[in-house]
């Protein structure tokens, strides 16, 4: 059922469909589902905010962590905090009420922050892939990834993310409640007159999904070939090769995590867009959308688990300058992030 600034996934043959901005949507699913949704968002908030804030705080406190590669990783933490503060808190509040009680303004803000976080994450992973390709494969001789390049990379991620998330705020497409009507996203559902949803969705999928994914797959495809060649030729020391492999492994796992979280949502969104008017239940979009939101906690978790130096610095921060697990954290100086300035293979 389509209405002004909303689309409820139910045929209004019984006349029970109401605006998700004004009435509880308990006719869509059992009211308990809204409580579960709210509890899930609360979990993401109490986990996502501390780990992302700690990632920022520890990096700013410890000078040795302020490497060019870490600028991009910090950018991911900032994006996740935007999702937690601007998106998750709003969705938890609306879930508790059973409808989007904050109105259109709240919907625009929630949709904007949630989409912004996802876009910054994807473009950050594309920049990381380019960094790994340039550092490891050396397509440009004597090139060193430095602070200026990292700042340019961060600026690119924000520029591209804003190019995707601002248009719906100013009339090219729009943000509307989706699924159980407690969170908002791009309007994939309607051909609302005056909003040009079709052209925006095509622009979004081509320029802000296909392009960064193509960059990621190209860079890592070249990188894998180069790593195999280097291993066969033994052109660099084992320590250098191992450090580069560890950094690359961490970034690849982040990419896989992003795809696991966001690919189901993107696939469902594309299906809805190409099958407008087809019947589907509220959970069809709700489950992928809320699964995608879990991406706000996996990036810092991967970073903490796979980076010895950062883990060591975080523990010393938490324990007031001491590391009670010093023996387990030995070798922290051989870091994954410091390895970003090294190269382990010959030019690709």
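A Cβ is built for glycine as well, from the same backbone N, Cα and C atoms used for every other residue.
When Cβ-Cβ distances below 8 Å are used as the criterion, the topological domain 'Extracellular' (1-33) is approached by residues 97-101, 103-104, 107, 174, 176-182, 187, 189-190, 192, 279-285 of the same chain, each at least six residues removed from its ends. The topological domain 'Extracellular' annotation in Swiss-Prot covers 1-33 (among others) and rests on a curator's inference.
What Swiss-Prot lists as N-linked glycosylation site is 12 (among others).
With a cut-off of 8 Å between Cβ atoms, the residues of this chain six or more beyond the transmembrane segment (34-58) that come close are 25-26, 65, 73-74, 77-78, 80-81, 83-85, 88-89, 91-92, 95-96, 98, 180, 182, 286, 290, 293-294, 296-297, 300-301, 303-304, 310, 313-314, 317. Look at Swiss-Prot and you will find 34-58 (among others) tagged as transmembrane segment.
Marked as topological domain 'Cytoplasmic' by Swiss-Prot on the basis of a curator's inference: 59-70 (among others).
The transmembrane segment annotation in Swiss-Prot covers 71-93 (among others).
Each residue in the topological domain 'Extracellular' (94-107) has a pLDDT score, and their mean in this model is 94. Annotation comment: Swiss-Prot describes 94-107 (among others) as topological domain 'Extracellular', evidence class a curator's inference.
Sequence-distant contacts of residue 107 (disulfide bond), defined as residues of its own chain at least six apart whose C-beta falls under 8 angstroms from its C-beta, comprise 5, 21, 100, 175, 176, 177, 184. Reduced to three states, the DSSP call for residue 107 (disulfide bond) is helix. According to Swiss-Prot, the disulfide bond annotation covers 107-184, on the basis of sequence analysis.
If you look up Swiss-Prot, you'll see 108-130 (among others) marked as transmembrane segment.
The feature topological domain 'Cytoplasmic' is assigned by Swiss-Prot to 131-149 (among others), with a curator's inference given as support.
Taken from Swiss-Prot, the feature transmembrane segment covers 150-170 (among others).
Positions annotated as topological domain 'Extracellular' by Swiss-Prot: 171-199 (among others). Sequence-distant contacts of the topological domain 'Extracellular' (171-199) (same chain, six or more residues past either end, CB-CB distance under 8 Å): 2, 5-9, 20-21, 25, 28-29, 33-34, 37, 87, 91, 94-95, 98-100, 107-108, 110-112, 114-115, 269-270, 272-273, 276, 282-287, 289-290.
Look at Swiss-Prot and you will find 197 (among others) tagged as N-linked glycosylation site. The Cβ neighbour count for residue 197 (N-linked glycosylation site), using a 10 Å radius over every protein chain in view, is 23.
Sequence annotations record features per position, and here Swiss-Prot assigns transmembrane segment to 200-221 (among others) based on similarity to another entry. Remote same-chain residues near the transmembrane segment (200-221) are listed as 119, 122-123, 125-126, 129-130, 132-133, 160, 163-164, 167-168, 172-173, 186, 188, 252, 255, 266, 270, 273 (criterion: CB distance under 8 Å, separation of at least six residues from the stretch ends).
The topological domain 'Cytoplasmic' annotation in Swiss-Prot covers 222-249 (among others) and is backed by a curator's inference.
Counting same-chain residues at least six beyond the ends of the transmembrane segment (250-271), those with a Cβ under 8 angstroms from any Cβ of the stretch are 76, 118, 121-122, 125, 128-129, 132, 185-186, 188, 205, 209, 216, 220, 284-285, 288-289, 291-292, 294-295, 298-299, 302-303, 306-307, 336. Per Swiss-Prot, transmembrane segment is recorded for 250-271 (among others), and the stated evidence type is similarity to another entry.
What Swiss-Prot lists as topological domain 'Extracellular' is 272-283 (among others), and the listing cites a curator's inference.
Here the topological domain 'Extracellular' (171-199) has, by DSSP, the following mix of helix, strand and coil residues: 3 helix, 8 strand, 18 coil. Residue 320 (S-palmitoyl cysteine) and residue 293 (N6-(retinylidene)lysine) have their C-alpha atoms 32 Å apart, to the nearest angstrom. Packing against the transmembrane segment (71-93) from elsewhere in the chain are residues 37-38, 41-42, 44-45, 48-49, 52-53, 55-56, 59, 101-102, 106, 109-110, 112-114, 116-118, 120-121, 124, 127-128, 131, 147, 150-151, 153-154, 157, 161, 182-183, 254, 293, 295-297, 299-300, 303, 337: each is 6 or more residues past its ends and has a CB under 8 Å from a CB in it. In the three-state DSSP assignment, the secondary structure recorded for residue 293 (N6-(retinylidene)lysine) is coil. Taking only the Cα positions, the spacing between residue 293 (N6-(retinylidene)lysine) and residue 197 (N-linked glycosylation site) is 23 angstrom.
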